[in-house]
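Questions regarding the structure given below will be posed in turn.
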Amino acid sequence: MTIKSKLDEIYYSVIDSKFYRLINDFDKHISRNLRNDLIEMRPASTNGLWCCLLLPTILLLYSIQYKVSLLYNLGTCIAIGYLFYCLLFIVFMSVSCLVLKENFYGGCWASGTVSTLLMYTFLDQGLMFSFIYSMTAVLMFNELLKLTLTRFPKTFTIGEAMVVVQSIMLFLIMTFTRLYYYDSGDRSDKEMDFVFNVVMTVLSSVGIIVTALILMEDEQRTLQTLCYVTSVTGVYALVMLHGFVGIDCLITITSYIVLNITRLQLFFFWASLAGLAALAIMKRMQLAVKANTATRKVFHILASAVFLSGIIIDIHFMTLAAGCGLGVIILVEALRKADVQHVTPVLEEAFKIYSDKQDTGYFAMTPIYLYVGLACPLVLVPVHKGYELELLSGVLSLGIGDTAASWFGSKYGFNKWSGGVKTFEGTIFNILSQIMTVYLLELFGLLYVDNALLRIIIAAIITGLVEARTKQIDNLILPLFSIISFQMVNIICVLVQ
């Protein structure tokens, strides 16, 4: 019996389990109800209901294993409340889609109560604060999830929507809490405070521009109006930076980059990679030829080179660049959808050439997922001994593994996984490429982490198999699986020792 046959046998034994059949029944009932109510999800064979477990699991593992900040623990309590809400939502959706159309708040009250009790019991927070904080978070999550599923057809599966909304709400709530209520931990880290303030200024400025575009009438969305809104937002950004960073904010930000030779070299390296990406897009637009999968993977490599170099050399600077880059990506996508004269047509043309077959909905989610997948470990992983390997979760699973699987599988893959288009050879190369990357980083003295090879072997096998079998967008879920895998293996290593 070959390895592939054995893995297929294990896979189908899992499918035949009672637990899997139960989940599959829920999935089928939900798909039927969605069709009956004419609610369109992203075309996929499953709804990915299990995805709602990923983020809460990551936060819970870190909160249990390490001494994290109060802010992180608050986020964990809210995430567990979101998980309870998602599970109740799945049960309701298996019965009827009325939960998407009517205001049923029973699930919100139950889930909010879970978060309230966790905060009150384990974090020693006041009962009133815990209740208001939790209920506000869950009610906002409820509204945004329903909006996401009903207003943006063919954009998400239910599982993907849950992960996206969990991420957005946790980010917004934790940012607000950090700004107005709690310290994030060791406030002696002045550099991280500086990075946080700059990133929040950039993202809030982008939020103002996007809000203005949404509120404008169609005839107002001109290049002249856009320049005016951008100018006003620039003034807002300067005022915010003046308050956060100081009166010489622009000089301080420039000095932070220019006066450190390592950061300056990183900056020019990243700029050159961005330039190569821009040239590739322009060249493909001139040829007017649809990009294939191999061509799109070039952007995986370029983006991964940015994050790999930044995480290895200067994590704080990488965090600053990642936050600002997220703002740019959100702004570009907003401009593409806003129908701004002379801007939207160019962006739309580039999107059509480079769009993936999974980008069937309202937004270009695949490139956004790629960027967020590479950057999310910078937010999710708290500082602890050996955390650099976990920060590379997105780079290893997406930039290295997924790209290697796509390239090698398309050229040399012959044995396809049952019921899919991914090849067994591509999966093997995915796993080996991740292991080899970590081995080389250790060999050249760029990574010092205990049990790094053991952890990457297990994590690579898990993410490689998930990449081969999942019907969800791998840019979104693979980094989360990678982080969980790293942590589970680390827990086992600690227990064994």
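Positions of Cβ are set from backbone N, Cα and C atoms, glycine also.
Since the structure is predicted, the reported quantities are computational estimates derived from the model, not experimental observations.
So TrEMBL says this about it:
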- 44-64: transmembrane segment (TRANSMEM)
- 70-92: transmembrane segment (TRANSMEM)
- 104-123: transmembrane segment (TRANSMEM)
- 129-149: transmembrane segment (TRANSMEM)
- 161-182: transmembrane segment (TRANSMEM)
- 194-215: transmembrane segment (TRANSMEM)
- 235-258: transmembrane segment (TRANSMEM)
- 264-282: transmembrane segment (TRANSMEM)
- 302-332: transmembrane segment (TRANSMEM)
- 362-382: transmembrane segment (TRANSMEM)
- 452-470: transmembrane segment (TRANSMEM)
- 476-496: transmembrane segment (TRANSMEM)
Quickly jot the same-chain residues contacting the transmembrane segment (161-182) by Cβ under 8 Å, restricted to those at least six beyond its ends, or write none.
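Same-chain contacts beyond the flanks: 51-52, 54-56, 69-71, 74-75, 78-79, 82, 86, 89, 137, 140-141, 144-145, 148-149, 196, 200, 372, 376, 379, 476-477, 480.
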Looking at the transmembrane segment (44-64) and the transmembrane segment (129-149), are there 3+ C-beta pairs under 8 A, with each pair at least 6 apart in sequence?
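In this chain the transmembrane segment (44-64) does not contact the transmembrane segment (129-149) - fewer than 3 Cβ pairs sit under 8 Å.
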With contact taken as 3 or more Cβ pairs under 8 angstroms (pairs 6 or more apart in sequence), are the transmembrane segment (194-215) and the transmembrane segment (235-258) in contact?
yes
Hey, would you say the transmembrane segment (129-149) packs against the transmembrane segment (70-92), going by three or more CB pairs under 8 A that are 6+ residues apart?
yes
